[in-house]
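Below: the structure, in C-alpha coordinates.
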Amino acid sequence: MTGLAIRNISMRFDLPNGGSVQALQDVSLDIKQGEIMSVLGPSGCGKTTLLNIVAGFLAPTDGVIELNGHEVHGPNAERGMVFQKGALFEWMSVRENVSFGPRMKGERASDYSANVDHLLDVVGLQDFKEKAIYELSGGMQQRVALARCLANDPDVILMDEPLGALDALTREKMQSLVLKLWKETGKTIILITHSVEEALLLGERLIVMAPRPGRIHKEYRLPFADEGVDADLREVKKNPKFAEVREEILGMIWDMEEEIMGRTEASA
(Lines of atoms letter the chains of each structure in order from A and count residues from 1; the text may use other names and numbers.)
(Lines give C-alpha, C1' and ligand atoms only; values in the text may rest on other atoms or scores of the structure.)
Protein backbone atom coordinates (compact mmCIF):
# COMPACT_ATOMS: atom_id res chain seq x y z
CA MET A 1 0.00 0.00 0.00
CA THR A 2 1.23 3.49 -0.83
CA GLY A 3 -0.10 5.39 2.20
CA LEU A 4 -1.62 8.85 2.36
CA ALA A 5 -0.89 11.65 -0.11
CA ILE A 6 -1.87 15.28 0.55
CA ARG A 7 -1.56 17.12 -2.76
CA ASN A 8 -1.52 20.94 -2.97
CA ILE A 9 -4.35 21.41 -0.49
CA SER A 10 -5.76 24.92 -0.14
CA MET A 11 -8.84 25.93 1.82
CA ARG A 12 -10.65 29.24 1.69
CA PHE A 13 -13.66 30.06 3.85
CA ASP A 14 -16.10 32.71 2.62
CA LEU A 15 -17.32 35.21 5.21
CA PRO A 16 -20.84 36.71 5.54
CA ASN A 17 -19.47 40.20 4.81
CA GLY A 18 -18.29 39.09 1.38
CA GLY A 19 -14.67 38.61 2.37
CA SER A 20 -12.80 35.36 2.80
CA VAL A 21 -10.16 33.68 4.96
CA GLN A 22 -7.38 31.60 3.43
CA ALA A 23 -7.06 28.85 6.05
CA LEU A 24 -4.61 26.65 4.11
CA GLN A 25 -2.38 27.30 1.13
CA ASP A 26 -0.70 24.69 -1.03
CA VAL A 27 -0.06 22.04 1.64
CA SER A 28 1.55 18.85 0.33
CA LEU A 29 2.71 15.79 2.28
CA ASP A 30 3.38 12.13 1.57
CA ILE A 31 2.79 9.95 4.62
CA LYS A 32 3.88 6.35 4.33
CA GLN A 33 1.84 3.50 5.75
CA GLY A 34 2.65 2.84 9.39
CA GLU A 35 4.11 6.28 10.03
CA ILE A 36 3.20 8.30 13.13
CA MET A 37 3.23 12.03 12.45
CA SER A 38 2.48 14.94 14.77
CA VAL A 39 1.32 18.36 13.59
CA LEU A 40 2.03 21.45 15.65
CA GLY A 41 1.60 25.18 15.27
CA PRO A 42 0.04 28.32 16.75
CA SER A 43 -3.72 28.80 16.91
CA GLY A 44 -5.17 29.59 13.51
CA CYS A 45 -2.53 27.77 11.46
CA GLY A 46 -5.06 25.34 9.98
CA LYS A 47 -4.10 22.14 11.82
CA THR A 48 -7.65 21.00 12.51
CA THR A 49 -8.86 22.20 9.11
CA LEU A 50 -6.23 20.01 7.45
CA LEU A 51 -7.21 17.02 9.59
CA ASN A 52 -10.90 17.51 8.75
CA ILE A 53 -10.04 17.57 5.03
CA VAL A 54 -8.07 14.33 5.37
CA ALA A 55 -11.01 12.82 7.29
CA GLY A 56 -13.38 13.84 4.51
CA PHE A 57 -15.45 16.18 6.68
CA LEU A 58 -14.44 19.18 4.54
CA ALA A 59 -13.88 19.43 0.80
CA PRO A 60 -10.79 21.53 -0.02
CA THR A 61 -10.99 24.58 -2.27
CA ASP A 62 -8.06 23.18 -4.25
CA GLY A 63 -5.99 20.01 -4.19
CA VAL A 64 -6.71 16.34 -3.51
CA ILE A 65 -6.25 13.71 -0.81
CA GLU A 66 -5.31 10.20 -1.91
CA LEU A 67 -5.27 7.07 0.25
CA ASN A 68 -3.59 3.98 -1.15
CA GLY A 69 -3.71 5.51 -4.62
CA HIS A 70 -7.42 6.40 -4.55
CA GLU A 71 -8.79 9.92 -4.27
CA VAL A 72 -10.70 10.60 -1.06
CA HIS A 73 -14.25 11.98 -1.24
CA GLY A 74 -16.05 12.23 2.09
CA PRO A 75 -15.54 10.15 5.25
CA ASN A 76 -15.30 6.36 5.23
CA ALA A 77 -14.10 3.47 7.39
CA GLU A 78 -10.55 3.68 6.03
CA ARG A 79 -9.97 6.79 8.17
CA GLY A 80 -10.84 6.72 11.86
CA MET A 81 -11.10 9.83 14.04
CA VAL A 82 -10.36 10.32 17.74
CA PHE A 83 -11.46 13.69 19.11
CA GLN A 84 -10.43 15.68 22.20
CA LYS A 85 -13.71 14.58 23.73
CA GLY A 86 -14.40 10.96 22.92
CA ALA A 87 -17.82 11.50 21.29
CA LEU A 88 -18.93 8.29 22.97
CA PHE A 89 -22.47 7.05 23.58
CA GLU A 90 -22.88 7.64 27.30
CA TRP A 91 -25.90 5.37 27.68
CA MET A 92 -24.02 2.39 26.22
CA SER A 93 -21.54 0.17 27.98
CA VAL A 94 -17.83 0.28 27.21
CA ARG A 95 -18.10 -2.91 25.18
CA GLU A 96 -21.12 -1.65 23.24
CA ASN A 97 -19.22 1.51 22.34
CA VAL A 98 -16.16 -0.39 21.14
CA SER A 99 -18.25 -2.80 19.07
CA PHE A 100 -20.48 -0.06 17.64
CA GLY A 101 -18.74 0.17 14.25
CA PRO A 102 -18.75 -3.56 13.44
CA ARG A 103 -22.38 -3.81 14.59
CA MET A 104 -23.43 -0.91 12.35
CA LYS A 105 -21.69 -2.60 9.42
CA GLY A 106 -23.84 -5.68 10.02
CA GLU A 107 -21.04 -7.95 11.15
CA ARG A 108 -21.94 -11.00 13.20
CA ALA A 109 -20.96 -10.98 16.87
CA SER A 110 -18.99 -14.16 16.32
CA ASP A 111 -16.81 -12.28 13.81
CA TYR A 112 -15.98 -9.21 15.91
CA SER A 113 -16.22 -10.34 19.55
CA ALA A 114 -12.69 -11.73 19.84
CA ASN A 115 -11.16 -8.57 18.38
CA VAL A 116 -13.24 -6.32 20.65
CA ASP A 117 -12.11 -8.31 23.69
CA HIS A 118 -8.50 -8.10 22.51
CA LEU A 119 -8.75 -4.32 22.14
CA LEU A 120 -10.29 -3.99 25.59
CA ASP A 121 -7.33 -5.96 26.96
CA VAL A 122 -4.84 -3.78 25.09
CA VAL A 123 -6.29 -0.53 26.47
CA GLY A 124 -6.70 -2.02 29.95
CA LEU A 125 -10.49 -1.90 30.13
CA GLN A 126 -11.52 -5.55 30.13
CA ASP A 127 -12.61 -5.27 33.77
CA PHE A 128 -14.74 -2.22 32.92
CA LYS A 129 -16.43 -3.52 29.77
CA GLU A 130 -19.93 -3.51 31.28
CA LYS A 131 -19.60 -0.05 32.81
CA ALA A 132 -21.51 2.88 31.31
CA ILE A 133 -19.39 5.65 29.82
CA TYR A 134 -20.50 8.23 32.38
CA GLU A 135 -18.96 6.07 35.11
CA LEU A 136 -15.45 6.41 33.64
CA SER A 137 -12.73 9.02 34.10
CA GLY A 138 -11.63 11.20 31.19
CA GLY A 139 -8.54 9.08 30.56
CA MET A 140 -10.56 5.87 30.53
CA GLN A 141 -13.05 7.42 28.11
CA GLN A 142 -10.22 8.28 25.72
CA ARG A 143 -9.05 4.66 25.91
CA VAL A 144 -12.56 3.60 24.90
CA ALA A 145 -12.43 6.06 21.99
CA LEU A 146 -9.10 4.60 20.82
CA ALA A 147 -10.40 1.04 21.05
CA ARG A 148 -13.61 1.97 19.21
CA CYS A 149 -11.58 3.55 16.42
CA LEU A 150 -9.35 0.48 16.11
CA ALA A 151 -12.36 -1.87 16.08
CA ASN A 152 -13.24 -0.44 12.67
CA ASP A 153 -9.75 -1.40 11.41
CA PRO A 154 -8.99 1.90 9.62
CA ASP A 155 -5.83 2.37 7.58
CA VAL A 156 -5.31 5.83 9.09
CA ILE A 157 -6.08 7.09 12.60
CA LEU A 158 -6.62 10.85 12.86
CA MET A 159 -6.30 12.33 16.35
CA ASP A 160 -7.41 15.91 17.04
CA GLU A 161 -5.85 16.93 20.38
CA PRO A 162 -7.13 13.70 21.96
CA LEU A 163 -5.15 14.12 25.19
CA GLY A 164 -5.52 17.87 25.66
CA ALA A 165 -8.12 17.72 28.44
CA LEU A 166 -6.31 15.12 30.58
CA ASP A 167 -4.24 15.72 33.71
CA ALA A 168 -0.45 15.42 33.36
CA LEU A 169 -0.05 11.87 34.71
CA THR A 170 -3.00 10.45 32.75
CA ARG A 171 -1.76 12.22 29.64
CA GLU A 172 1.67 10.60 29.97
CA LYS A 173 0.08 7.15 30.35
CA MET A 174 -2.06 7.78 27.28
CA GLN A 175 0.97 8.89 25.28
CA SER A 176 2.63 5.57 26.11
CA LEU A 177 -0.53 3.73 25.08
CA VAL A 178 -0.68 5.55 21.73
CA LEU A 179 2.91 4.50 20.99
CA LYS A 180 2.18 0.92 22.03
CA LEU A 181 -0.88 0.75 19.76
CA TRP A 182 1.08 2.32 16.89
CA LYS A 183 3.75 -0.38 17.07
CA GLU A 184 1.30 -3.25 17.64
CA THR A 185 -1.13 -2.34 14.87
CA GLY A 186 1.14 -0.77 12.23
CA LYS A 187 -1.49 1.90 11.63
CA THR A 188 -0.73 5.29 10.15
CA ILE A 189 -1.39 7.93 12.83
CA ILE A 190 -1.68 11.70 12.39
CA LEU A 191 -1.91 13.59 15.66
CA ILE A 192 -2.75 17.27 16.15
CA THR A 193 -1.51 18.83 19.38
CA HIS A 194 -0.71 22.19 20.99
CA SER A 195 1.96 20.58 23.19
CA VAL A 196 5.52 20.73 21.86
CA GLU A 197 6.63 17.89 24.16
CA GLU A 198 3.74 15.70 23.03
CA ALA A 199 4.52 16.40 19.38
CA LEU A 200 8.14 15.37 19.96
CA LEU A 201 7.17 12.19 21.81
CA LEU A 202 4.45 11.07 19.40
CA GLY A 203 5.94 11.98 16.04
CA GLU A 204 8.71 10.11 14.28
CA ARG A 205 7.90 12.90 11.87
CA LEU A 206 6.87 16.34 13.15
CA ILE A 207 5.32 19.08 11.04
CA VAL A 208 5.33 22.69 12.26
CA MET A 209 2.69 24.81 10.54
CA ALA A 210 2.67 28.59 10.16
CA PRO A 211 -0.55 30.69 10.11
CA ARG A 212 -2.33 33.11 7.81
CA PRO A 213 -2.42 31.30 5.51
CA GLY A 214 -1.81 27.86 7.03
CA ARG A 215 1.23 26.25 5.46
CA ILE A 216 4.11 23.94 6.31
CA HIS A 217 6.90 25.91 7.99
CA LYS A 218 9.35 23.17 8.98
CA GLU A 219 9.58 19.38 9.14
CA TYR A 220 11.57 17.21 11.55
CA ARG A 221 12.52 13.52 11.52
CA LEU A 222 12.89 12.38 15.13
CA PRO A 223 13.91 9.23 17.06
CA PHE A 224 11.81 9.81 20.18
CA ALA A 225 8.62 7.93 19.20
CA ASP A 226 10.61 4.75 18.51
CA GLU A 227 12.54 5.20 21.75
CA GLY A 228 9.31 5.76 23.69
CA VAL A 229 7.77 2.44 22.65
CA ASP A 230 9.98 0.55 25.10
CA ALA A 231 11.41 3.30 27.33
CA ASP A 232 9.92 5.45 30.08
CA LEU A 233 8.82 8.70 28.42
CA ARG A 234 10.41 10.68 31.23
CA GLU A 235 13.76 9.13 30.33
CA VAL A 236 13.21 9.98 26.66
CA LYS A 237 12.72 13.63 27.62
CA LYS A 238 16.17 13.65 29.25
CA ASN A 239 17.83 13.18 25.86
CA PRO A 240 19.79 16.42 25.16
CA LYS A 241 18.51 16.36 21.58
CA PHE A 242 14.93 16.38 22.90
CA ALA A 243 15.57 19.57 24.87
CA GLU A 244 17.38 21.16 21.93
CA VAL A 245 14.56 20.57 19.45
CA ARG A 246 11.90 21.53 22.02
CA GLU A 247 13.54 24.91 22.61
CA GLU A 248 13.96 25.49 18.88
CA ILE A 249 10.28 24.82 18.19
CA LEU A 250 9.08 26.84 21.19
CA GLY A 251 11.06 29.81 19.91
CA MET A 252 9.67 29.30 16.42
CA ILE A 253 6.06 29.26 17.62
CA TRP A 254 6.68 32.21 19.97
CA ASP A 255 7.89 34.26 17.00
CA MET A 256 4.80 33.27 15.00
CA GLU A 257 2.50 34.29 17.87
CA GLU A 258 4.32 37.62 18.19
CA GLU A 259 3.86 38.23 14.47
CA ILE A 260 0.14 37.45 14.73
CA MET A 261 -0.24 39.85 17.67
CA GLY A 262 1.61 42.53 15.72
CA ARG A 263 -0.72 42.14 12.76
CA THR A 264 -3.76 42.26 15.04
CA GLU A 265 -2.60 45.45 16.77
CA ALA A 266 -1.72 47.09 13.44
CA SER A 267 -5.20 46.43 12.05
CA ALA A 268 -7.01 47.59 15.21
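Just so it is clear, glycine is given a Cβ too, placed from its N, Cα and C backbone atoms.
According to Swiss-Prot, the features are:
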- Gly41, Pro42, Ser43, Gly44, Cys45, Gly46, Lys47, Thr48: ATP binding site (BINDING)
- 4-236: domain 'ABC transporter' (DOMAIN)
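Fewest Cβ neighbours within 10 Å among the binding-site residues Gly41, Pro42, Gly44, Gly46: this applies to Gly44.
Excluding Gly41, Pro42, Ser43, Gly44, Cys45, Gly46, Lys47, Thr48, which define the ATP site, the same chain contributes Met209, Pro211, Gly214 within 8 Å (Cβ to the Cβ centroid), listed in sequence order.
With every protein chain in view, the residue among the binding-site residues Ser43, Thr48 whose Cβ has the most Cβ partners within 10 Å turns out to be Thr48.
Secondary structure at Cys45 (ATP binding site), as computed by DSSP, is coil. There are 26 other CB atoms within 10 A of the CB of Cys45 (ATP binding site), with all protein chains counted. Sequence-distant neighbours of Lys47 (ATP binding site) (same chain, 6+ residues apart, CB-CB distance under 8 A): Val39, Leu40, Gly41, Ile192, Met209, Gly214.
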